[in-house]
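A short worksheet on the structure shown next.
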Amino acid sequence: MEGTESRSGTVSSVVADWSLVFWTLCSVILPVLITLWCSFQRSRRQMLIRDIFRKSKHDWHYTDLFGQPSYCCVCAQHVLQGAFCNCCGLRVSEGCLKKADQLFLCKEIMMRSNGGAHSSMPHHWIRGNVPLCSCCMICKQQCGTQPKLCDYRCVWCQYTVHDECMMDCLKTEECTFGEFRDLIIPPYYLSTINQMRKDKRTNYEKVVPYCRKHWMPVIILANTRSGNNMGETLLGEFKILLNPVQVFDLSKIAPAKALQLCTLLPCNAVRVLVCGGDGTVGWVLDAIDEMKIKGQERYIPQVAILPLGTGNDLSNTLGWGAGYAGEVPVEQILRNVMEADGIKLDRWKVQVTNKGYYNLRKPKVFTMNNYFSIGPDALMALNFHAHREKTPSLFSSRIINKAVYFFYGTKDCLVQECKDLNKKVELELDGERIKLPNLEGIIVLNIGYWGGGCRLWEGMGDEPYPLARHDDGLLEVVGVHGSFHCAQIQVKLANPVRLGQAHTVRLILKSSKMPMQVDGEPWAQGPCTVTITHKTHALMLYHSGEQTDDEASSMSEQDHMREQTDEDV
């Protein structure tokens with residue numbers, strides 16, 4: 001009996017051990033299997049969604065959380081996780097994506113030809129998710145107030161109508177394209193132009209939509225990689241208000257290709273809104289210069305700016321502000337573009353020729369819109385550029401970018417890498433050699449602003465100085481004593497060393513290597529000759545919005561000086 005008891009005790013202990021092992025394995029393996037299964041299902045679901053997005057005519061964008069209460073246009077249920085169309089504004093839950101593709105048409109960029117020419121089109125109504133504070137076009141009362149899928153919105157004119165106010169006549173009524181009819185390229189216009197091209201006719205001026213005299217179609221060129229990464233959001237908002245064919249992402253299509261749309265539109269009528277930094281604006285202006293070379297001068301557009309970069313000095317000079325962070329509605333931006341006045345901007349050729357008898361390399365040639373510099377500010381730009389190339393993801397905020405510039409400026413105050421510049425360079429203005437005082441930097445200006453909002457040529461504004469404009473064919477040349485002097489000028493505690501104005505600037509770097517920059521594009525340069533001459537004019541748009549106190553005082557000082565000059569004459 002003792003043997004039997006011991007044997008049964010051994011068996012029970014073995015069973016207990018195996019039971020422990022089994023449950024231990026279950027507690028480890030089961031969560032792993034569940035995680036793998038969930039991961040597989042998630043990846044499968046994402047693959048199916050991507051496949052729907054790829055085949056769909058809608059410009060779907062997936063979101064985990066809508067920013068405002070949204071209701072699925074198919075099942076009418078409240079939706080947090082789903083997709084929205086960047087062109088027509090349709091919002092659907094994840095499970096209704098395929099059905100939404102079958103039930104709802106997106107904005108048509110070009111009308112389907114039915115054998116005849118079109119000069120109008122009906123409203124394109126989408127039910128639900130109307131903008132906040134929108135009013136019914138029939139009863140003038142607020143729409144979208146009920147917590148459910150209700151009311152209608154036209155994707156072209158943006159008019160909204162209550163469910164109870166929607167009548168059969170509205171469904172077939174001609175769409176007026178709303179407030180921005182002067183900026184929108186209607187689908188029937190493009191279908192007519194397409195037919196004319198097939199017939200080898202090019203008199204597009206006769207095909208003006210709405211019989212309007214002041215049609216000024218706008219083309220949106222947005223750089224989604226600029227500054228504070230707002231480009232992606234702006235692309236969607238502009239596509240909803242305009243024809244999607246007018247909106248281009250410069251990270252996917254080059255400006256030269258996008259601007260060919262101008263050749264299908266009336267001459268001297270097109271306006272371009274560049275959403276990006278000063279570098280993006282320069283890229284677009286270079287593409288416009290290529291149009292001139294191709295003999296397309298009559299299609300040259302006027303250029304407005306929505307500043308998304310770090311410095312935005314050109315935008316500031318032309319009245320478009322020092323930076324955009326979403327504080328102004330997109331509708332107001334389009335109104336500003338419509339009301340802006342046309343002006344000219346000087347563009348300059350910067351040629352850098354290396355020294356040396358056996359130098360066989362071609363001179364480096366740049367196009368300058370803002371400024372050229374040699375010295376501490378170019379050194380800051382060079383250090384910033386080098387670190388941004390290594391870790392571009394860290395430089396996605398305008399505040400961080402300016403903080404990095406501040407760090408390198410403070411470092412240069414202590415190190416003074418560019419001292420005794422006056423002994424290393426020679427400066428000629430219109431062929432006349434200029435005697436240089438003790439300097440660390442020389443800056444050649446084409447526009448009023450420099451260094452992210454500083455009016456460098458003015459300085460403190462407490463002493464007379466020659467008038468400076470961005471369209472007079474003259475460059476302003478100033479010197480600075482170092483990074484600390486630059487900081488003093490930016491807060492109006494010091495004046496720059498004004499070296500003069502000239503139509504042609506020549507700078508000779510005799511020895512050593514020095515940092516240089518053109519419009520924020522820096523490099524380290526050995527002994528060379530830099531020659532700056534006038535290249536061409538660019539057609540820009542000036543926004544005469546609200547002025548700051550500094551701008552108002554600057555304008556009043558310039559007006560006073562102009563009056564004194566007239567009296568002297």
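Heads up, the Cβ atoms here are built off N, Cα and C, so glycines get one too.
Quick look at what TrEMBL lists:
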COMPBIAS  557-569  compositional bias 'Basic and acidic residues'
DOMAIN    57-106  domain 'Phorbol-ester/DAG-type'
DOMAIN    122-175  domain 'Phorbol-ester/DAG-type'
DOMAIN    213-354  domain 'DAGKc'
REGION    547-569  region 'Disordered'
TRANSMEM  20-40  transmembrane segment
Residues of the domain 'Phorbol-ester/DAG-type' (57-106) by DSSP state, where helix covers H, G and I: 10 helix, 13 strand, 27 coil
Summary of DSSP states over the domain 'Phorbol-ester/DAG-type' (122-175), given as helix, strand and coil counts: 5 helix, 13 strand, 36 coil
Residue counts (helix, strand, coil, in that order) that DSSP gives for the domain 'DAGKc' (213-354): 58 helix, 34 strand, 50 coil
Averaged pLDDT, computed only over the residues in the domain 'Phorbol-ester/DAG-type' (122-175): 88
